[in-house]
Amino acid sequence: MAPKASLATVVVPRLLLVTALLLLGPAVSSAGHDYGDALRKSILFFEGQRSGRLPSDQRLKWRRDSGLRDGADHGVDLTGGYYDAGDNVKFGFPMAFSTTLLAWSIIDFGRNMGPELGNAVKAVKWATDYLLKATAEPESMFVQVGDAFSDHNCWERPEDMDTLRTAYRVDRNHPGSDVAGETAAALAAASIVFRSRDAAYSRLLLDRAVRVFEFADKYRGAYSSSLRKAVCPFYCDFDGYQDELLWGAAWLHKASRRREYREFIMRNEEILGAGETINEFGWDNKHAGINVLISKEVAMGRAEYFRSFKQRADAFICSLLPGTSRPQIQYSPGGLLFKTGGSNMQHVTSLSFLILAYSRYISHSNALVPCGRASATPDQLRKLAKRQVDYILGDNPMRMSYMVGYGPKFPHRIHHRGSSLPSMGSHPTHIRCKEGTRYFLSPNPNPNLLIGAVVGGPNMTDKFPDSRPYFQQSEPTTYINAPLVGLLAYFWAHPYN
């Protein structure tokens, strides 16, 4: 166990680290951001992603009912839930992860959400109502609705869908420990959200989380092996199912306080790869999230037996900090955290969420994060997370917000079917599969603003083509917005922190 660095021994290294944090690209700052407005819009985005029969209080009026026969091929009701991004498929793996992060945002930062807390809770429930339908049958769960190849071959409004709405499931003979483990995590996290709001619903969520986790653990295997032709290359599990089992157990331990989940974590810590400390956290890789989540108990002085998770959380945080001796993540010249591959903003929001959450956990014990010869304070971590949020909202070389509808300049040609095609109100006639292509290729702005949508973002040189065909940069996703909800709530309450 590494000893805590004393304040006296880290003054100079901390100054070096502060300097490195300040040198994360040019300072293109605004006069200040309206984090409350951004929070409201980030939650509103989820209403634009809704599938199923829309409620009377639906606020994005250009959306209408869709997917009302989902599940009919199996004789079950699978209506509801969210479309993950700019297409019309309901992918269970990223939907469950988005639900977990929305719930975590409320658990940690709900007190900072003010009048938007109710809308955030509704966003979680829209997902969990669907996840309960998808897991209604024991030792089986539906993990996707919609043939992704058929869907991606068309540019159609969700209200017009005539593509294949095949429902895919995992079961004891076709395991899916990854998606089942994540779904167990989502249901368990949501049970905490509803504990003081709807006790009966909370118990239902927790009971179902227990059952789904038992299924995930008993019949081990990756869903992308069982359903490869359906889920790959879209949401393949590239990192294995082991992290989702630990992730699910961690959330069940937090939600239930049952000893069996603590013992599961300790017994399987090495077997399931908890030692991996790569600087990644998202729908496919949960290791960093596991370490940060479990570290809260250590930081609060309640679970010394989890000390190894905090040590790994420290190492993870150090890998994100410029000016330390640990392996570094990349930053753009403008200061944006950057990982290669598509949809970089998913990494920005998820990793920033962990940075902020961890800063709050360690602040309870006045701890520092030891990074070789340097150490970081909770305040420095908060500043790094805030810098990423401010970049998204407009403090960047392009001087634009990457959230639709926020600020004077934002993306207008996002890669999103419903947003880019005429609304049902303005064009009630059916738009067929290939008839939408001209709207996809049009240089005109999208006719329907998907308020609050955060797109994939700029490239490594801070450049952004506001163009639908550049989907890796112009497509929004639920798992970009979910952790951002928590970040915005905190900085709304602490704008100068």
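Quick reminder: no glycine exception, Cβ is built from N, Cα and C everywhere.
Keep in mind that TrEMBL annotations are predicted by a computer and have not been checked by a curator.
Some features that TrEMBL has for this protein:
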SIGNAL    1-31  signal peptide
DOMAIN    35-488  domain 'Glycoside hydrolase family 9'
ACT_SITE  H415  active site
ACT_SITE  D466  active site
ACT_SITE  E475  active site
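This view paints the features noted in TrEMBL onto the structure.
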residue: H415; record: active site; CB count, 10 Å: 24
residue: D466; record: active site; CB count, 10 Å: 18
residue: E475; record: active site; CB count, 10 Å: 22
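In this structure, the C-alpha atom of D466 (active site) lies 9 angstrom from that of H415 (active site). Rounded to a whole number, the distance between the Cα atoms of H415 (active site) and E475 (active site) is 5 Å.
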